[in-house]
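One structure is given here, and the rest of the page talks about it.
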Amino acid sequence: MNICNKPSNKTAPEKSVWTAPSQDSGPSPELQGQRSRRNGWSWPPHPLQIVAWLLYLFFAVIGFGVLVPLLPHHWVPAGYACMGAIFAGHLVVHLTAVSIDPADANVRDKSYSGPLPIFNRSQHAHVIEDLHCNLCDVDVSARSKHCSACNKCVCGFDHHCKWLNNCVGERNYRLFLHSVASALLGVLLLVLVATYVFVEFFVNPMRLRTNQHFEVLKNHTDVWFVFLPAAPVETQAPAILALAALLILLGLLSTALLGHLLCFHIYLMWHKLTTYEYIVQHRPAQEAKETHKELESCPRKVRSIQEMEFYMRTFSHVRPEPSGQARTAALNANPSQFLATQGQVEPPLPSSSDTLALPPRIQPQKKRKRRVYRLPRSGVLDRELPLPRLRETGTPSRRSSSSSDSTSASPVHAGGSAGAYYSASAESMEEIPVAQTRLGSAALGAPGARGRESGLALQARSPAVFVSPSSGEPGTPGGGDGLP
């Protein structure tokens with residue numbers, strides 16, 4: 001099964017080879033071991049093998065029986081010789097490649113009479129382990145692979161050719177290449193002959209009637225002969241055209257397939273690779289593409305559910321940004337907890353199980369922004385507390401001067417001890433401008449400074465400014481007026 005809950009399209013190995021029987025019951029008939037195939041003549045034949053034989057017969061019959069005899073008289077011997085040599089050579093190498101047993105030497109020495117044992121994955125992880133095949137029960141070479149179609153180890157395994165119905169290995173690889181090359185050359189030559197006949201039929205049909213059997217039919221141009229000169233058979237002109245056109249179409253298709261196959265194996269030989277090694281190297285990329293296609297082929301509803309589950313797992317730790325009202329309520333309810341959590345308000349839990357947070361793809365979240373909340377000027381700072389009175393030990397003039405200085409300065413609210421002061425930045429001491437008097441007492445700056453102060457972000461408690469007792473009173477040694 002794949003990610004879309006669909007069965008995989010990959011072809012699994014044959015059940016009779018790879019499925020281990022149950023330990024409780026004996027092997028069922030469908031789980032009996034498969035016999036090894038010796039070569040391409042072993043039963044059963046593959047459908048593509050039969051198609052290859054039929055195409056060879058069709059090309060040979062139409063080429064030698066219909067098209068070559070219609071060539072000009074002086075071209076006929078060359079046509080028979082060239083096409084005959086190519087077709088005969090292809091037949092020899094093709095039959096040889098089919099008949100050769102490409103199995104490993106140790107496998108060929110073993111008898112093919114009985115079926116091989118069934119592979120049990122509970123006992124072995126791979127068919128070939130430490131250069132020993134667990135199915136063939138022989139030691140094999142490092143380049144040998146076990147073919148599931150032939151059920152045997154092939155030395156220098158390249159691929160299993162369905163057209164030959166045989167494995168292609170070190171023993172028959174060159175024969176396979178010669179078979180492909182000769183087939184391509186023969187089909188190309190046959191397509192050229194068929195094209196010439198098809199064109200000359202409309203341009204100058206008399207050039208196709210040079211055989212002596214056409215001399216008695218000079219006045220009957222619609223009558224043609226096939227299978228000349230051994231067994232002439234009369235036919236009509238449309239039959240000649242249909243056969244030539246059909247051969248051209250099949251020939252072009254065969255040329256494309258054979259040419260592609262030959263170029264591919266030339267590429268493999270240049271890079272010193274086998275078909276099996278090439279497939280293994282490109283398998284990860286192909287599987288990734290197949291997985292992407294399977295995900296795209298999923299129904300939209302199934303894909304949206306899977307994406308929702310993914311985003312819910314991925315973004316479950318993200319807490320939404322609290323609104324301004326929630327932050328204000330949390331500030332008024334518990335200022336210490338609000339400061340400890342850096343201003344984050346825990347969202348309320350859903351009242352029912354039906355309330356789910358949708359993924360960003362369904363309900364997009366806005367980008368969180370830092371909000372600055374301003375307290376009104378009539379708040380904490382406007383509440384004035386009386387400053388502690390200093391000890392009066394001086395003259396009346398100095399007492400009046402001290403009182404005038406005290407009244408001229410704006411009162412500062414002492415919020416508590418110095419340990420209770422909290423700040424979120426290193427420049428917190430500069431957030432509120434403080435004017436120092438002659439006695440060292442603190443006062444707020446000018447009205448312009450108070451205007452700028454109202455635009456700054458404040459915490460739950462205003463910072464406290466303490467007047468040091470060492471400042472003293474007027475006239476004392478620690479006081480500001482005692483300086484010379």
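Glycine is no exception: its Cβ is also placed from the backbone N, Cα and C atoms.
As annotated by Swiss-Prot, compositional bias 'Polar residues' applies to 1-11 (among others).
The region 'Mediates interaction with STING1' annotation in Swiss-Prot covers 1-268, and the record cites similarity to another entry as its basis.
Annotated topological domain 'Cytoplasmic' per Swiss-Prot: 1-49 (among others), in sequence order. For the topological domain 'Cytoplasmic' (1-49), the model's pLDDT averages out at 56.
The annotation compositional bias 'Polar residues' is assigned in Swiss-Prot to 19-34 (among others).
As annotated by Swiss-Prot, transmembrane segment applies to 50-70 (among others), with the evidence given as sequence analysis.
Note: the topological domain 'Lumenal' (71-74) comprises 0 helix, 0 strand, 4 coil (DSSP; helix = H, G, I, strand = E, B). The annotation topological domain 'Lumenal' is assigned in Swiss-Prot to 71-74 (among others).
What Swiss-Prot records for 75-95 (among others) is transmembrane segment, and it gives sequence analysis as the kind of evidence.
For 96-182 (among others), the entry in Swiss-Prot reads topological domain 'Cytoplasmic', with the evidence type a curator's inference. DSSP labels the residues of the topological domain 'Cytoplasmic' (96-182) in these numbers: 19 helix, 19 strand, 49 coil.
Per Swiss-Prot, domain 'DHHC' is recorded for 131-181.
Positions annotated as transmembrane segment by Swiss-Prot: 183-203 (among others).
Feature annotation from Swiss-Prot assigns topological domain 'Lumenal' to 204-238 (among others); the stated evidence is a curator's inference. Sorting the topological domain 'Lumenal' (204-238) by DSSP state (H, G, I as helix; E, B as strand; all else coil) yields 12 helix, 8 strand, 15 coil.
Residues of the same chain lying 6 or more positions beyond the ends of the transmembrane segment (239-259) and with a Cβ under 8 Å from any Cβ of it are 55, 58-59, 62-63, 66-67, 70, 180, 183-184, 187-188, 190-191, 194-195, 197-198, 201, 224, 226. Residues annotated as transmembrane segment in Swiss-Prot: 239-259 (among others).
The feature topological domain 'Cytoplasmic' is assigned by Swiss-Prot to 260-484 (among others).
Swiss-Prot lists 364-374 with the feature compositional bias 'Basic residues'.
Residues or ranges marked as compositional bias 'Basic and acidic residues' in Swiss-Prot: 380-392.
According to Swiss-Prot, the compositional bias 'Low complexity' annotation covers 395-415.
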